[in-house]
Amino acid sequence: MELWYTDQHTKDVRFSIKMKEQLVSVESEFQRIDIIETYEYGRVLVLDGEMMITEKDEFIYHEMITHVPMAVHPNIRNVLVIGAGDGGTIRELTKYDTIEHIDMVEVDKEIVQVCREYMPFTACKLNDKRVSMHFEEGLRFVRGKQDEYDLIIVDCADPFGPAEGLFTREFYGNCYKALHDDGILINQHESPFYNEHSGSVQKAHRHITAVFPLSTVYQCHIPSYPSGHWLFGFASKKYDPIKDLNDKKWNELKLPVRYYNTDLHKGCFYLPNYVKELLGSYE
C-alpha cells in the first residue's frame, strides 16, 4: 500500500508527495507538529496539516530570507528573528562572523525540540553561543523595544493561528521602533498567485508601507510551496536593496550557499506584471 501526504494549497488545488513513513506526531499547546519522511523531498515539517519546509528545498527559503538583507546592510551586528523554530534562518545567519547577537523568539518550544531531533539539517546551529532563545509571542516580545536591532527577520508560519498577530500594522510599527535608524525588516510575504493567498499579500504590504519609508518586495521559486512563486517583504529605514547592494564585499566572504548569489539578488526585485498590479496601489 502506498502512503501519500497531501498539502491543501487552495480549496481546489492540492500538492501530494509519496511518503516513506511518519516519523513523529506531537500535539503542542499551540498546534499539531508532524515530521514525515518522503521519497522525493526528504523530511518534511508539517504544522496543523500544512507543509512548512522540506529537506529538499528549504535552503531556497532560508537563504533568500537571510542573505538579501545581509548583502545590503554594511554592519549588521544585532539581529532579531521571530519564528524560525526549525532553525534554518539561524543556520544561515551564523555563517556571518560579524553578527554578535541573535535573539530568536518562537512561541512554540515543542517545534524547536522536534526539529533538533528530526531535522538536524536546519536545527544544527541553534546552540551557537550568539543565539538567545525566547519562548513567547513575537508580538509581545517586540512591543516596547527601542533602537536595539540592525535587522529583524519575521520567519513565521502562514497568517493564521499562532502567527496571526505577526501580520498586523501594530506589529510592524513595533518592529520599526525596535530597529536602529538604518535597520532593515524582512518578512515572508506569502504567494501572490492564488486568489486565496493574494489578499494576505496585499494586506501585509499595505501595513508595512504605512510604517516604513522604503518598502518593496522580492521573489523566489520554492517548488513545494503553493504555486512555487513566493514573495518576501524588504522594508528599510535607509538602505535601498539594489542601490546599496555591496556585491563585492559579500562575494569576498565566499559563504557556502546553494541558491542565493548577488546576480540573483538584483533580479529578484524585478517583479512580474501581475504582482505589480496586486501591490500597485500600495507602492
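Glycine is treated like the rest: Cβ placed from N, Cα and C.
It should be emphasised that the depicted structure is a prediction, and the values quoted were computed from it without experimental measurement.
As annotated by Swiss-Prot, active site, proton acceptor applies to ASP155, with the evidence given as sequence analysis. Feature annotation from Swiss-Prot assigns S-methyl-5'-thioadenosine binding site to GLN31, GLU106, GLU137, GLY138, PRO162; the stated evidence is sequence analysis. Among the features that Swiss-Prot reports, spermidine binding site is placed at HIS62, ASP86, ASP155, CYS156, ALA157, ASP158. The domain 'PABS' feature in Swiss-Prot is assigned to 2-237.
Overlay of Swiss-Prot annotations on the structure.
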residue : record                                 : contacts (Cβ under 8 Å, 6+ apart)
HIS62   : spermidine binding site                : GLY88, THR89, ARG91, GLU92, THR122
ASP86   : spermidine binding site                : LEU45, MET52, ILE53, GLU58, ILE111, CYS115, MET119, THR122, ALA123
GLU106  : S-methyl-5'-thioadenosine binding site : GLY83, ALA84, GLY85, VAL112, MET133, HIS134, PHE135
ASP155  : active site, proton acceptor           : ILE65, VAL81, ILE82, GLY83, ALA84, GLY88, THR89, GLN188
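In the three-state DSSP reading, ASP155 (active site, proton acceptor) counts as strand.
Here the C-alpha separation of GLY138 (S-methyl-5'-thioadenosine binding site) and CYS156 (spermidine binding site) works out to 10 Å.
For the pair formed by GLU137 (S-methyl-5'-thioadenosine binding site) and CYS156 (spermidine binding site), distance between Cα atoms is given as 11 Å, rounded to the nearest Å. The binding-site residues examined here are GLN31, GLU137, GLY138, CYS156; by Cβ neighbour count within 10 Å, the least packed of them is GLU137. The average pLDDT the prediction assigns to the domain 'PABS' (2-237) is 95.
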